[in-house]
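Annotation source TrEMBL lists active site, tele-phosphohistidine intermediate at H91. Feature annotation from TrEMBL assigns active site, proton donor/acceptor to E171. The feature substrate binding site is assigned by TrEMBL to R90, H91, G92, E93, S94, E95, A96, N97, R145.
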Amino acid sequence: RCPRGGGPLVLEPVMPNPLSARLARLALAAAIPLASALLASPPWWLTRALLASGRLVSPQRRLAAWDALQRRADQSARGSRRRVRVLLIRHGESEANLQAGQIVGGRDVATPLSATGEEQARLLGERLLRDGLRVDAVYASHAVRARKTADIACAAAAIRQRVRIEPRLVEFSQGSLERRWRAEVYAAGGPVLRGIAAHSLFYRPPGRSPDGDLGESQWDVERRMRSFIEAELLSGEGGG
């Protein structure tokens, strides 16, 4: 400090306030575990921000954020849910399946069952009848192959519940990649494989499918499927 009236400059050490120093140490000690907890299980607002960030965050971090969000939802709903048994049944062989090894499939909702597919659906119904399963609700997508499989199987199994058409169950859209040759679409080093490698399950195929829907990522499909399960199966609206 500089004394009044002039004179030599005097340097005096500034002693820290013991209370302030202690508070600073406590704040640092609390910040470290808090930061670790946020990284391990981010709050919902941070999780949603990561998911909405698109290209700014790597697919791995977005996937981790999505998993954290689902764990939080599962934990909050635990205890209020009832046990539900769900049978996931694939449609019978369709006409498009006959070329599945050569062309890229997808929506193509108008594709009918083949003769083999109809027989598979009938055998499925007979199996359900032999097993004596009690069915409270039957859902199928609006795709012809799915609706027909459900109708034939229910008739063979003597299931009287009407088939509920649920658009959220339809196959995921592969956009403009549908009906193209697989060898061309998935060529080594091509844009599709590069996109999958860069974005993982967040990769969306370009363009629209023949039925007019935009390409979907696996993450898009998971979200709509989860919304169906939560709304129709776990809420009690879909029966037992």
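Along the chain as shown, residues are numbered 1 onward.
The backbone N, Cα and C atoms fix where each Cβ goes, and this holds for glycine too.
Shown here: features listed in TrEMBL, placed on the structure.
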residue : record                             : DSSP class
R90     : substrate binding site             : coil
A96     : substrate binding site             : helix
R145    : substrate binding site             : helix
E171    : active site, proton donor/acceptor : coil
## Note on the structure
E171 (active site, proton donor/acceptor) has its Cβ surrounded, within 10 angstroms, by a count of other Cβ atoms equal to 18
#### Entry: Residues within 8 Å of the R90, H91, G92, E93, S94, E95, A96, N97, R145 Cβ centre (excluding the substrate site residues themselves)
T111, L113, S114, G117, T149
### Message
To see if you understand the setup: which same-chain residues, six or more apart in sequence, place their Cβ under 8 Å from that of R145 (substrate binding site)?
### Response
H91, G92, S94, T111, P112, L113, G117
### Task
For A96 (substrate binding site) and E171 (active site, proton donor/acceptor), determine the Cα separation and express it in whole Å.
13
### Task
List the Cα distance (Å, whole number) between E171 (active site, proton donor/acceptor) and R90 (substrate binding site).
11
### Query
Fewest other CB within 10 angstroms, which one of the recorded positions R90, H91?
R90
### Summary
Of all C-alpha pairs drawn from the substrate-binding set R90, H91, G92, E93, S94, E95, A96, N97, R145, the farthest apart lie at a distance in Å of 15
### Task
Indicate the candidate from G92, S94, A96 with the smallest number of other Cβ atoms within 10 Å of its Cβ, considering only these binding-site residues.
A96
